[in-house]
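Now, the feature entries from TrEMBL:
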- GLY139, ALA140, GLY141, LYS142, GLY143, THR144, ARG261, GLY306: ATP binding site (BINDING)
- ARG165, LYS187, ILE188, VAL189, GLY223, PHE224, PRO225, ARG226, GLN230, ARG267, ARG278: ribonucleoside 5'-phosphate binding site (BINDING)
- 24-37: compositional bias 'Polar residues' (COMPBIAS)
- 65-80: compositional bias 'Low complexity' (COMPBIAS)
- 24-80: region 'Disordered' (REGION)
- 159-189: region 'NMPbind' (REGION)
- 260-270: region 'LID' (REGION)
Amino acid sequence: MPRLTAGHLPTELFFRPSTRLLSRNVSSPSSTVQRGSSVPVPHYHYHHHHNNHTGNGVSRHRHYSSSSSSSRDKTSSSSSPLKIAPFVAIVAIGTGSYILLVKSRSSGKPAPHKERKNMSTPRFSSDDVTVVFFLGGPGAGKGTQSANLVRDYGFNHLSAGDLLRAEQTREGSQYGEMIREYIREGKIVPMEVTVTLLSNAMAEILANGTSKSDNPPRFLIDGFPRQLDQAHFFEASVCVSKLVLFLECPEEVLQARLLKRGETSGREDDNAASIKKRFTTFVQTSMPVVDDFEKQGKVISVSATGSIEEVYALIKEKLQEKGITATV
């Protein structure tokens with residue numbers, strides 16, 4: 001007969017035996033089954049012993065014994081063994097299965113399950129393109145240093161901020177008014193919009209053959225990602241990044257730079273109130289991104305308090321250490 005385990009039995013069998021046992025009258029040591037019953041039922045005898053040594057009251061021991069009186073055998077002899085056998089088998093198998101189930105649950109090990117795999121595939125392979133995220137507080141100099149990197153390293157520069165600002169004024173854009181409101185309030189535009197704009201810009205450059213570098217093409221994404229969910233969403237749907245270039249700079253230095261830039265830039269967000277909001281948002285949302293990538297060993301941190309030339313010299317040194325060399 002094949003060995004049965006809990007895994008081979010329907011769930012219903014786990015509970016039938018216990019339900020039948022609980023329905024029996026076991027409240028009295030002398031309880032018996034009425035004559036004419038076709039199923040032999042075990043008697044339960046209770047013996048009570050007083051623990052006189054510890055003084056803790058009664059120590060109860062339960063002993064189980066099966067009665068086999070001749071009278072009950074006679075009354076049940078008229079019943080066919082073939083009718084009794086299925087019930088006995090169900091009780092035995094169900095009880096054994098229930099014990100196995102309880103033991104498996106009490107072991108403390110979680111039930112095995114198949115690990116759910118991420119079925120999404122990035123649009124671009126990291127073997128085919130190199131993506132570097134460029135992060136830093138507002139006014140850290142990302143735009144200026146991006147121009148240097150494009151010139152000397154052949155990066156295709158994509159500014160998330162520039163793409164969003166261009167989308168505001170693009171004729172027929174369904175996101176224009178929403179983007180304008182988010183930028184005015186210093187809030188982060190929904191990641192689906194930003195990631196879509198970046199992905200389409202990358203695809204357009206590759207399709208048109210206008211990439212500034214090959215083998216593989218390099219993309220410098222400025223001001224993105226600004227939240228952890230943006231980073232995860234981009235890497236899952238667009239491409240896994242190679243590095244994160246981070247420009248460190250104190251708030252007071254950033255504010256002074258932005259106020260000066262606001263005199264000629266004409267940008268709505270280059271004012272004291274918006275600058276404060278933008279910096280607060282950056283610290284609360286973007287720094288966790290830097291910390292997360294730093295744990296992966298992907299972050300290049302550079303102090304941005306010096307002159308443009310000094311900062312760029314530090315950037316080149318750090319890129320060299322990571323194996324990214326100039327193309328000119």
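Just so you know, glycine gets a Cβ as well, placed from its N, Cα and C.
The model shown is predicted, which means the values in this text are computed figures rather than measured ones.
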Can you count the other CB atoms that lie within 10 A of the CB of GLY223 (ribonucleoside 5'-phosphate binding site)?
24
Looking only at residues six or more beyond either end of the region 'NMPbind' (159-189), which have a C-beta under 8 A from one in the stretch?
143, 146, 197-198, 201, 221-224, 226-227, 268-269, 274, 277-278, 281, 285
Pairwise CA distance, ARG278 (ribonucleoside 5'-phosphate binding site) versus GLY139 (ATP binding site), rounded so that it is a whole Å:
10
Between PRO225 (ribonucleoside 5'-phosphate binding site) and THR144 (ATP binding site), the C-alpha gap once rounded to whole angstrom:
19
Most Cβ neighbours within 10 Å: which of the binding-site residues ALA140, ILE188 is it?
ALA140
GLN230 (ribonucleoside 5'-phosphate binding site) to LYS142 (ATP binding site): how many Å between their Cα atoms?
19
Restricting to the region 'NMPbind' (159-189), report the mean pLDDT as a whole number.
88
Of ARG165, ILE188, GLY223, which binding-site residues are close to GLY143 (ATP binding site), meaning a Cα within 10 Å of its Cα?
GLY223
Pull the DSSP breakdown for the region 'NMPbind' (159-189) and write it out as helix, strand, coil residue counts.
19 helix, 1 strand, 11 coil
Can you name the residues of this chain that are 6 or more positions from THR144 (ATP binding site) yet have a C-beta less than 8 Å from its C-beta?
ILE308
Within 10 Å of LYS142 (ATP binding site) (Cα to Cα), which of the binding-site residues ARG165, ILE188, GLY223 do you find?
GLY223
Based on the record's binding annotation for ribonucleoside 5'-phosphate (ARG165, LYS187, ILE188, VAL189, GLY223, PHE224, PRO225, ARG226, GLN230, ARG267, ARG278), what whole-number value in Å is the widest Cα to Cα distance?
25
